[in-house]
Amino acid sequence: MNVDAMDPQQYDAQLDVKRQKLAQLFVDFETPELEVFASQKAHYRMRAEFRVWHEGEDLYYYMFDKAQNQKIRCEQFLPASQLINDMMPELMAALRPNPVLRHKLFQVDFLSTLSGEILVSLLYHKQLDAQWQEEAQALKEALSSKFKVDIIGRARKQKLVMDRDFVIESLPVNGKQLTYKQVENSFTQPNGEVAIKMLEWAIDITRDSSGDLLELYCGNGNFSIALAQNFNRVLATELAKPSVDSAQYNIEANQIDNLQIIRMSAEDFTDALAKKRSFRRLEGVDLDSYDCNTIFVDPPRAGLDDNTLSMVQGYERILYISCNPNTLLDNLKVLDKTHKITRFALFDQFPYTDHMESGVLLERR
């Protein structure tokens with residue numbers, strides 16, 4: 001964290017620097033005009049994590065500022081959602097005088113939504129007992145007079161939940177509300193407003209699609225649920241079980257009837273498509289019945305591995321969302337041989353940082 005960089009008056013200039021950097025990084029490729037999707041300048045981040053400092057009777061949140069090489073007391077936090085900022089003082093005021101809840105508490109995590117729900121995780125260097133659970137339940141009831149809140153207590157090999165370990169998000173996407181279950185400690189898009197812009201961009205660039213869609217790394221179904229309207233059928237893969245469970249919930253909640261989720265890694269699915277290996281998880285799934293002209297990938301920071309990269313080249317259109325422009329650059333050196341970039345976007349998920357989220361649509365040459 002760099003506190004000095006978090007200046008809303010400097011946001012537009014910082015975003016312009018990112019735009020220039022991204023455009024320059026891909027200068028050797030033939031790209032269309034870069035579409036830039038800005039963030040809110042404050043209160044854009046739907047989750048936040050704070051360490052907790054004990055100082056006599058005092059107790060407070062802090063973060064470490066690498067630029068200043070010191071810990072910074074956080075009464076409020078400009079990047080965090082307004083809901084998190086509203087919760088921060090209320091929670092700390094309740095924790096500070098409570099010896100059971102504050103003892104050996106070392107971290108507080110918040111997960112909030114645009115729909116008004118918030119999940120608070122309290123992390124401890126001690127085992128949690130019945131007395132802790134009783135006090136935590138009373139804390140939840142007290143906070144519930146102002147917030148739609150759930151509380152989780154975590155310790156080594158221990159997790160106690162009052163009453164849910166998830167929130168339900170509702171995103172307005174092109175005039176339609178999309179519902180998403182977001183589970184604690186599972187990946188969710190951190191910037192709610194930019195997440196909406198990403199979904200709307202993906203819907204727009206696939207609007208006239210034919211055939212089916214294959215998505216790798218689908219998470220909780222964030223994109224596949226939004227894109228299902230543009231395709232006959234959608235087949236999506238995800239390895240993390242909590243994310244797959246959330247995706248199944250989200251399919252039902254949004255009444256999607258043309259989307260199937262398979263719990264597999266992208267690498268294993270690539271082998272399955274190539275008929276290199278058979279997998280029990282694919283029993284009853286007729287891969288040959290799918291007519292996937294478009295593939296959607298949103299890989300981790302390492303980008304696509306060589307086998308997956310070769311596999312995606314077999315599709316007419318590739319929609320690639322990247323959280324690391326350097327690995328996207330490496331992947332495009334291969335993909336550019338068979339496909340051309342027809343849409344190019346920058347999504348500012350993380351203002352006041354060097355992080356750049358980008359998206360490209362590639363179509364066969």
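Glycine too: its Cβ is placed from the backbone N, Cα and C atoms.
Noted in Swiss-Prot for the protein shown:
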- Cys323: active site, nucleophile (ACT_SITE)
- Glu357: active site, proton acceptor (ACT_SITE)
- Gln189, Tyr217, Asn222, Glu238, Asp298: S-adenosyl-L-methionine binding site (BINDING)
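Here the features listed in Swiss-Prot are placed on the structure.
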residue: Gln189; record: S-adenosyl-L-methionine binding site; Cβ within 10 Å: 24
residue: Tyr217; record: S-adenosyl-L-methionine binding site; Cβ within 10 Å: 22
residue: Asn222; record: S-adenosyl-L-methionine binding site; Cβ within 10 Å: 27
residue: Glu238; record: S-adenosyl-L-methionine binding site; Cβ within 10 Å: 26
residue: Asp298; record: S-adenosyl-L-methionine binding site; Cβ within 10 Å: 20
residue: Cys323; record: active site, nucleophile; Cβ within 10 Å: 18
residue: Glu357; record: active site, proton acceptor; Cβ within 10 Å: 24
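Within 8 Å of the Cβ centroid of the S-adenosyl-L-methionine site, not counting the listed residues Gln189, Tyr217, Asn222, Glu238, Asp298, the chain contributes Phe187, Glu215, Cys218, Gly219, Asn220, Gly221, Phe223, Ser243, Ile321. Using a 10 Å Cα-Cα cut-off from Cys323 (active site, nucleophile), none of the binding-site residues among Gln189, Tyr217, Asn222, Glu238 qualify. Secondary structure from DSSP puts Gln189 (S-adenosyl-L-methionine binding site) in coil.
Between the CA atoms of Tyr217 (S-adenosyl-L-methionine binding site) and the residue listed as 'active site, proton acceptor' there is a gap of 16 Å, rounded to the nearest whole number. Across the residues annotated as binding S-adenosyl-L-methionine (Gln189, Tyr217, Asn222, Glu238, Asp298), the widest Cα-Cα separation comes to 16 Å. DSSP classifies Asn222 (S-adenosyl-L-methionine binding site) as helix under the three-state reduction.
Distance between Cα atoms for Glu238 (S-adenosyl-L-methionine binding site) and the residue listed as 'active site, proton acceptor': 20 Å, as a whole number. It is 11 Å from the Cα atom of Gln189 (S-adenosyl-L-methionine binding site) to that of Glu357 (active site, proton acceptor). Asn222 (S-adenosyl-L-methionine binding site) sits 16 Å from Glu357 (active site, proton acceptor), counting Cα to Cα.
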